[in-house]
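Novice: Sharing the record's features from TrEMBL:
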- 22-417: domain 'Amino acid transporter transmembrane' (DOMAIN)
- 25-44: transmembrane segment (TRANSMEM)
- 51-72: transmembrane segment (TRANSMEM)
- 101-124: transmembrane segment (TRANSMEM)
- 145-162: transmembrane segment (TRANSMEM)
- 168-187: transmembrane segment (TRANSMEM)
- 255-277: transmembrane segment (TRANSMEM)
- 297-319: transmembrane segment (TRANSMEM)
- 340-360: transmembrane segment (TRANSMEM)
- 366-388: transmembrane segment (TRANSMEM)
- 400-423: transmembrane segment (TRANSMEM)
Amino acid sequence: TEEELQRQKAIDDWLPITSSRNAKWWYSAFHNVTAMVGAGVLSLPYAMSELGWGPGVTVLVLSWIITLYTLWQMVEMHEMVPGKRFDRYHELGQYAFGEKLGLYIVVPQQLVVEIGVNIVYMVTGGKSLQKFHDTVCDDCKKIKLTFFIMIFASVHFVLSHLPNFNSISGVSLAAAVMSLSYSTIAWTASANKGVQEDVQYGYKAKSTAGTVFNFFSALGDVAFAYAGHNVVLEIQATIPSTPEKPSKGPMWKGVIVAYIVVALCYFPVALVGYWMFGNGVQDNILISLEKPKWLIATANMFVVIHVIGSYQIYAMPVFDMIETLLVKKLNFKPSRVLRFIVRNLYVAFTMFVAITFPFFGGLLGFFGGFAFAPTTYFLPCIMWLAIYKPKRFSLSWWTNWICIVLGLMLMILSPIGGLRSIIIDAKNYHFYS
């Protein structure tokens, strides 16, 4: 009916992802950089130390190539049905696997990734604020991490009320610039420090088992570093599209720029950091660099600003899902009040979990495998095979199957390493200390 259609249109104009479609191609570039280059880049030298030179470089480069390929697939699939756009990851899933199954396959994984990232960023933001405070002011009274996480969260109680993707593009641009800045600080300061005297490149673990588990865990860290796919269709949904000028043109242009920036951030940090500090590198490269003070303080502040933007980008699809559910299924009226309550509750929830479990690094390797590997490395390939059905043993068929096999291995191996490091960390952990 006409009335029903108008109601649906009104709802779509209100929901965060479909409400404004006037983004430029460079919005896609910095949204993708912000989504992709997380603070995870700072743990890459540490991941390298657990992987070793050969495997480390291979895993980094392979991940860059595979995820660029799967990102291209998603950009292509966004509008493969003429006149329709798959604005959300799960809508594409439903088209590929069927209405019900598509939801069951995609939504839980996407939620784990997005909420997981938001919690990790609460911890990261808090820790970087704490590090900034301790660097700038040595003699100050030490303040608990809990309070810094609260301070970081307070920003999001404000920013979360920006209605949609285009309204956060300013925040996102600042974040993208910051990610390039602190990555550059990290590797140039390392290079400036020079190769350490007693540097060693062997594996740090004393036992074979330890080495193997650390290797698996490092794979999870790398998987986490390439996790921008969970928001890519949602970003593309903000770009205008006509049959003559489909949105995949500008979107792909943005993705290429973003991936060049990603390479400029990831490779120098990972390689220079490992080269200078060897297996003695900390799990956050900025901790290995104590001096010069002002530079490390600045880099930590940059991380905070970046993570603020990243948090918003990953939260937006979650807000969209919750608001869609409330308005379409439970028939709430789309209103400011509804949005205000929903978003504040969400920020409060992520803050609470972050304060309760700040040893999120291990959790990251754990979740990294379970949810990041599928949504980033092989779910797009499975959808591609399901939808386009390329000829058996053709190049496309082989490429997709290779990605699926590598992605599955990543999904099975990295949680094992992550779980072990959680167990080791949890032994000496006190709640709300």
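Think of each number as a place in line: the chain as shown, counted from 1.
Just so you know, glycine gets a Cβ as well, placed from its N, Cα and C.
The model shown is predicted, which means the values in this text are computed figures rather than measured ones.
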Novice: Rank 25-44, 145-162, 255-277 by Cβ pairs under 8 Å to the transmembrane segment (340-360) and hand me the top one.
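Specialist: Most contacts with the transmembrane segment (340-360): 145-162.
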Novice: With pairs restricted to those 6 or more apart in sequence, evaluate whether the transmembrane segment (168-187) and the transmembrane segment (297-319) have 3+ C-beta pairs under 8 Å.
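Specialist: Yes, since the transmembrane segment (168-187) and the transmembrane segment (297-319) share at least 3 Cβ pairs closer than 8 Å, they count as touching.
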Novice: With Cβ-Cβ distances below 8 Å as the criterion, list the same-chain residues six or more beyond the ends of the transmembrane segment (101-124) that contact it, or say none.
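Specialist: For the transmembrane segment (101-124), the nonlocal Cβ contacts are 38-39, 89-90, 92-95, 149, 152-153, 227, 230-231, 303, 307, 310-311, 314-315, 317-318, 321, 350-351, 353-355, 357-358, 360, 363-364, 367, 370-372, 374-375, 379.
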Novice: Among 145-162, 255-277, 366-388, 400-423, which stretch has the most Cβ pairs under 8 Å to the transmembrane segment (51-72)?
Specialist: 255-277
Novice: Between the transmembrane segment (25-44) and the transmembrane segment (400-423), are there three or more C-beta pairs closer than 8 Å, counting only pairs 6 or more apart along the chain?
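Specialist: Answer no: the transmembrane segment (25-44) and the transmembrane segment (400-423) share fewer than 3 Cβ pairs below 8 Å.
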Novice: Which residues of the same chain, at least 6 past either end of the transmembrane segment (366-388), have a Cβ under 8 Å from a Cβ in it?
Specialist: 66-67, 70-71, 73-74, 77, 80, 89, 92-93, 95-97, 105-106, 109-110, 112-113, 116, 219-221, 223-224, 226-230, 396-397, 399-401, 403-404, 406-408, 410-416, 418-419, 422
Novice: Who are the chain neighbours of the transmembrane segment (297-319) in space, where the CB to CB distance is under 8 Å and they lie at least 6 residues beyond its ends?
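Specialist: Long-range Cβ neighbours of the transmembrane segment (297-319): 16-17, 31, 34-35, 37-39, 42, 88-89, 110-111, 113-115, 117-118, 121-122, 124-125, 128-129, 131-132, 135-136, 152, 155-156, 159-160, 162, 164-165, 168, 171-172, 174-176, 178-179, 181-182, 185-186, 189, 230-231, 234, 286, 339, 342-343, 346-347.
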